[in-house]
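Q: Supplied in structure tokens, the structure appears directly below.
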Amino acid sequence: MTNNQSLKATFLMCTAILASVLHTTSKALTLQPNGELKGQVENVDRAMHHLRVKRGWVWNQFFVLEEYTGLEPLYVGKLHSDMDRGDGSIRYILSGEGAGTMFTIDDNTGDIHAIQRLDREEKAQYVLRAQAVQRQTGMPLEPESEFIVKIQDINDNEPQFLDGPYRASVPEMSMTGTSVLQLTATDADDPTYGNSARVVYSILQGQPYFSVEPKTGIIRVSLPNMDREAKEHYELIIQAKDMGGQMGGLAGTTTVNITLSDVNDNPPRFPQKLYQMSVPESAPVGSVVGRVRAKDLDVGINAEMRYTIIDGDGRDTFDINTDPTNQVGIITIKKPLDFESKKSYTLKIEGANTHVDSRFLNKGPFSDVTIVHISVEDVDEPPKFDSSSYYVEVAEDVEIGTVFQIVSAKDPDISNNSVRYSIDRSSDRGKYFYIDLTSGALMPARPLDREEISWHNITVLAVEMTNPSQFGTVSVMVKVLDVNDNPPELAKYYDAFVCENTKAGQLIQTVTAVDLDDPLAGQHFYYSLAPEAANNPNFTLRDNQDNTAFILSRRGGFSQQEQSIYYLPILISDGDQPMQSSTSTLTIRVCSCDTDGNVMSCTAEPYTLPVSLSRGALIAILACIFVLLVMILLILSLRNYKKKPYLTDEEENVHENIVRYDDEGGGEEDTEAFDIAAMWNPREAQLSKIRQDMVPEIESLSRYVPQTCMGESNVHSYVLAKLYEADTDLCAPPYDSLQTYAYEGEGSVADSLSSLQSVSTNNDHDYDYLSEWGPRFKKLADLYGVSEANDVLW
């Protein structure tokens with residue numbers, strides 16, 4: 001600001017103050033009780049306002065400067081009435097806004113003073129009322145009148161930024177002159193009086209990046225291509241100064257924090273051109289293999305990425321997804337891995353921005369490529385079946401030991417360990433099936449019955465021999481097919497009756513049948529009377545050809561006295577192959593009925609015997625019954641006392657035999673227990689060599705084994721059939737068993753019959769005592785005792 005401008009401003013301020021003082025003085029003078037001056041004022045007033053009513057005293061507006069800091073009260077003006085003679089008989093009264101607190105009046109002279117500091121920004125004017133009254137009586141001499149005291153402004157308020165501090169943002173790389181924010185400062189001074197409220201803006205801090213327009217307060221970018229990645233935040237200090245910015249003006253400041261917002265001006269880049277990853281071959285589909293990330297200096301939407309596999313031999317085996325939170329590419333398994341078939345994969349992965357700003361394409365391309373090498377690690381895998389599940393249909397009459405399905409599994413590892421098969425018994429609690437340990441051949445171990453269980457869902461296990469902890473499972477669903485093996489029978493018990501007054505040909509009962517089988521063509525039953533009742537003179541049967549039959553009376557004149565119950569055997573057969581039939585007996589009672597056929601009684605009338613029994617006859621009958629009971633008890637006691645020996649032969653010879661097994665029951669080395677040829681060729685079992693000193697307790701089971709040549713399966717069938725018969729025969733010991741002798745040991749009166757101790761001596765034994773043991777040991781006495789003829793030991 002130049003010196004001329006400063007002088008001009010000072011001159012204008014002084015002029016304004018002087019004019020205010022002169023104006024106030026002139027007003028005060030007009031209030032003086034001078035008649036000539038008062039007349040001139042009245043003439044001027046009359047000329048200006050022709051309709052004005054003449055008043056007894058003159059009033060006008062008063063002007064007072066704000067912020068008066070003098071020691072004496074500030075003189076405002078003087079009120080004077082033309083009725084005032086100066087003798088003190090009139091008293092002046094002041095009322096209205098600020099009367100008594102802000103303003104006071106001398107009740108004798110009418111002088112008005114301001115006794116408080118005035119502030120135009122708090123209140124710009126005061127409305128007061130004045131009145132002249134008779135001092136003695138208090139009666140008003142003139143009507144009350146109003147006048148205004150206006151407060152003149154001085155520059156005592158600096159401009160203020162009411163909303164500061166401010167925050168704003170502008171995109172990075174903005175051009176010069178880009179508008180950022182407009183500021184507005186408020187000055188409480190009077191804008192209509194002087195330059196006290198004329199504000200000018202300037203920037204005190206923030207150059208050379210930003211500037212502010214002096215009059216409008218708009219902040220603009222003044223340095224082009226500002227980079228957020230280099231510096232993101234800027235702090236500006238803006239000043240607002242009144243008096244048009246001239247010297248002596250008051251100023252206020254505020255802070256503006258400007259942030260550069262991000263634009264996509266940085267392409268993404270992978271920190272590595274090659275990544276090495278590994279994954280076990282047992283990892284399931286969907287497992288995470290690893291993560292890759294392309295770094296982008298931008299943020300927010302400008303840093304969003306999309307990862308894709310654009311090339312490589314693992315495009316079909318692996319997949320990549322983008323984590324929207326961290327902008328990371330997650331590589332996952334898309335298909336099962338197999339170390340034995342492929343040990344490594346290579347992926348070419350591209351990371352690209354999803355939002356590209358066309359203004360910065362010259363800084364592109366906004367994508368990058370990296371290579372990922374994935375190694376598949378070998379693990380010890382469990383055996384795998386050649387099928388995920390098996391479905392088999394088996395007829396319910398299949399013979400035990402018949403192979404109906406072969407499951408196959410192998411170790412997928414390079415070692416290709418041997419596999420052993422078994423059945424999870426929790427899925428086959430009834431032990432209906434058996435599986436060959438090495439071949440995986442499934443066969444029934446006991447008869448199947450569709451009517452009992454129509455579906456079997458068994459689980460087969462394949463276990464590695466070298467590592468039993470590695471095993472695979474597969475489900476085998478066995479559907480049991482129906483075979484016509486159940487004869488039809490009556491659907492229920494029929495309570496049939498015939499009335500005594502029934503006529504020939506009358507319907508007695510309608511019967512139906514049921515069959516547990518379920519033929520494909522549906523059920524069809526045939527009814528007829530059993531052969532022994534084909535010529536029944538009382539009833540006949542009519543087959544209705546709809547799975548029902550009528551029982552008809554063949555005659556009339558039934559009598560309860562003659563016969564109260566009739567039994568009619570009915571033959572029912574089905575139409576399937578092989579045909580099954582059964583005979584059911586229908587019980588028909590003779591009842592007394594009314595004329596409408598309603599049953600009244602089915603009990604025969606009691607009658608008395610024509611001859612009564614005598615007392616002697618009754619005693620004889622009771623005696624016979626008693627004798628029969630005694631005989632029955634005697635026979636039972638003798639039968640229980642008699643003990644049957646365990647081992648006999650055709651000649652009833654008794655031998656001491658110690659059967660020793662050197663291997664586990666029935667091995668090839670045990671040539672005396674049974675002939676192994678019997679297992680390979682069951683037809684020759686009876687012709688093979690058998691032991692002469694003992695009879696097996698279980699009859700040969702070769703008759704249960706199918707005779708078709710099946711190789712090793714014959715052995716399985718033979719063993720399974722024997723196992724089934726041994727399981728079902730609760731009275732028989734196992735085929736390989738320890739034979740015990742009933743009269744062996746200390747429990748027998750003959751002590752031990754064993755000759756094991758006889759090898760320790762060469763003395764001849766005397767067996768004469770055998771003849772003293774009774775008839776049970778007669779045979780031994782004959783064999784080892786002394787002959788009666790020559791007394792020589794045999």
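Note that Cβ sites are derived from N, Cα and C of the backbone, with glycine treated the same way.
Quick caveat, the model's predicted, so the values are computed rather than measured.
Sharing the features that TrEMBL gives for it:
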type	residues	note
SIGNAL	1-28	signal peptide
DOMAIN	81-161	domain 'Cadherin'
DOMAIN	162-270	domain 'Cadherin'
DOMAIN	271-385	domain 'Cadherin'
DOMAIN	386-490	domain 'Cadherin'
DOMAIN	490-608	domain 'Cadherin'
TRANSMEM	616-636	transmembrane segment
Q: Let's see if you can do this one: DSSP helix, strand and coil counts over the domain 'Cadherin' (271-385), in that order.
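A: Taking each residue of the domain 'Cadherin' (271-385) in turn, the totals are 10 helix, 55 strand, 50 coil.
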Q: Report the DSSP secondary-structure composition of the domain 'Cadherin' (81-161) as helix, strand and coil residue counts.
A: 0 helix, 36 strand, 45 coil
Q: What are the DSSP helix/strand/coil residue counts across the domain 'Cadherin' (386-490)?
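A: In the domain 'Cadherin' (386-490), the DSSP-based counts are 3 helix, 46 strand, 56 coil.
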Q: Could you give me three numbers for the domain 'Cadherin' (162-270), the DSSP helix, strand and coil residue counts?
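A: Helix/strand/coil tally for the domain 'Cadherin' (162-270): 3 helix, 45 strand, 61 coil.
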